[in-house]
Amino acid sequence: MLPKVLFLMGPTASGKTALALELAENHNCEIISVDSALIYRGMDIGSAKPSIEELARGPHRLIDIRDPSESYSAADFRADALAEIEQIIRMGKTPLLVGGTMMYFKALLEGLSPLPSADDAIRADIQAEADAKGWETLHDQLRDIDPVSAERIHPNDPQRLSRALEVYRISGKSLTELTQTKSAPLPYDVVQFAIAPRERKVLHDLIAQRFRIMLQQGFIGEVTQLKARGDLHLDLPSMRCVGYRQCWQHLDGEFDYDTMVEKAVAATRQLAKRQLTWLRSWPELNWLESGAEGNLVTLMRHCR
């Protein structure tokens, strides 16, 4: 019999952390964070990182493991998560993976293609070429070498377009060709849950309420400190996290406070929409309604 591993997925502000803490207190579980924002040190308020009190109730693995100046890929996450899962199982406990970064869950569950690591020099060349000729021209280049990826990647998505070209220039193979080969899938009995409110308006209200609370907790001060370091910028993955980008732009004088709030809430709602889109097509998923009384009992039943 394969060891059991639990996934608890869901959109932002859906109540994942609260439910995970309840389960950790009532069952022999250890929590592994699956969140591309929580990995960064010093990004606590805007990422809704669990508080000191919450971490005392249920410690989270894979938070505060990178500086905001550093990158962290789905492959990095998969390697780290597999090591944590193995350690938790050796302790006789059940790994509980909690978060909303669906690409991380997918990488862990299905394995990853052997893509080359980022090359800063090639990325700089691609950016310089885009500055000179425009991303439309680079998209035409991608269409010539990888029409399948070009169909999927929009010319106005420079991050993914740049990565597809970078992969080809490093390896001589297209992104489509490389992604046809994947590493081994997860060798465990995985039970997957998703939690979300039944009504979209409820989730939208929760997102707006949570951002207001973040502002009251000192979110602008947090971003001000990050900005003052001098080594961070908006092109870094850490500063592309929702909320942080909009607050940074506000501090740069691009728009006023009210516009910042409006843009940050809108961006977070768009993130939640993308997360739900992923989840609706996810196979073998057990749905829970946010705040429902029977959620803990349902999870504990599957822990046995």
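For all residues, glycine too, the Cβ spot is worked out from N, Cα and C.
Listed in Swiss-Prot:
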BINDING   GLY10, PRO11, THR12, ALA13, SER14, GLY15, LYS16, THR17  ATP binding site
BINDING   THR12, ALA13, SER14, GLY15, LYS16, THR17  substrate binding site
REGION    35-38  region 'Interaction with substrate tRNA'
REGION    159-163  region 'Interaction with substrate tRNA'
REGION    240-245  region 'Interaction with substrate tRNA'
SITE      THR101  site 'Interaction with substrate tRNA'
SITE      ARG123  site 'Interaction with substrate tRNA'
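Taking the features listed in Swiss-Prot, we show where each one sits on the structure.
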| residue | record | Cβ contacts under 8 Å, 6 or more apart |
| --- | --- | --- |
| GLY10 | ATP binding site | LYS16, GLY100, ALA194, ILE195, ALA196, GLN275, LEU279, SER290 |
| PRO11 | ATP binding site | GLY100, ALA196, LEU203, LEU271, ALA272, LYS273, GLN275, LEU276, LEU279 |
| THR12 | ATP binding site | ALA48, GLY100, ILE207, VAL242, THR268, LEU271, ALA272, GLN275 |
| ALA13 | ATP binding site | ALA48, LEU203, LEU206, ILE207, ARG210, THR268, ALA272 |
| SER14 | ATP binding site | GLY100, ILE195, ALA196, PRO197, LEU203, LEU206, ALA272, SER290 |
| GLY15 | ATP binding site | ILE195, SER290, GLY291 |
| THR17 | ATP binding site | ALA48, PRO50, GLU54, VAL98 |
| THR101 | site 'Interaction with substrate tRNA' | VAL34, ASP35, SER36, PHE77 |
| ARG123 | site 'Interaction with substrate tRNA' | SER162, GLU166 |
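Here the region 'Interaction with substrate tRNA' (159-163) has, by DSSP, the following mix of helix, strand and coil residues: 5 helix, 0 strand, 0 coil.
Note: the ATP site is recorded as GLY10, PRO11, THR12, ALA13, SER14, GLY15, LYS16, THR17; in the same chain, GLY100, ILE195, ALA196, SER290 also have Cβ atoms within 8 Å of that site's Cβ centroid.
Highlighted in sequence order, GLY10, PRO11, ALA18, ALA48, GLY100, ILE195, LEU206, SER290 have their Cβ within 8 Å of the centre of the Cβ atoms of THR12, ALA13, SER14, GLY15, LYS16, THR17, the residues recorded for substrate, and are not part of that set. For LYS16 (ATP binding site), other Cβ atoms within 10 Å of its Cβ number 25.
Counting residues of the region 'Interaction with substrate tRNA' (35-38) by DSSP class, helix then strand then coil, yields 0 helix, 0 strand, 4 coil.
With DSSP classes pooled into helix, strand and coil, the tally for the region 'Interaction with substrate tRNA' (240-245) is 3 helix, 0 strand, 3 coil. On the 0 to 100 pLDDT scale, the region 'Interaction with substrate tRNA' (35-38) averages 98 in the predicted structure.
Secondary structure at LYS16 (ATP binding site), as computed by DSSP, is helix.
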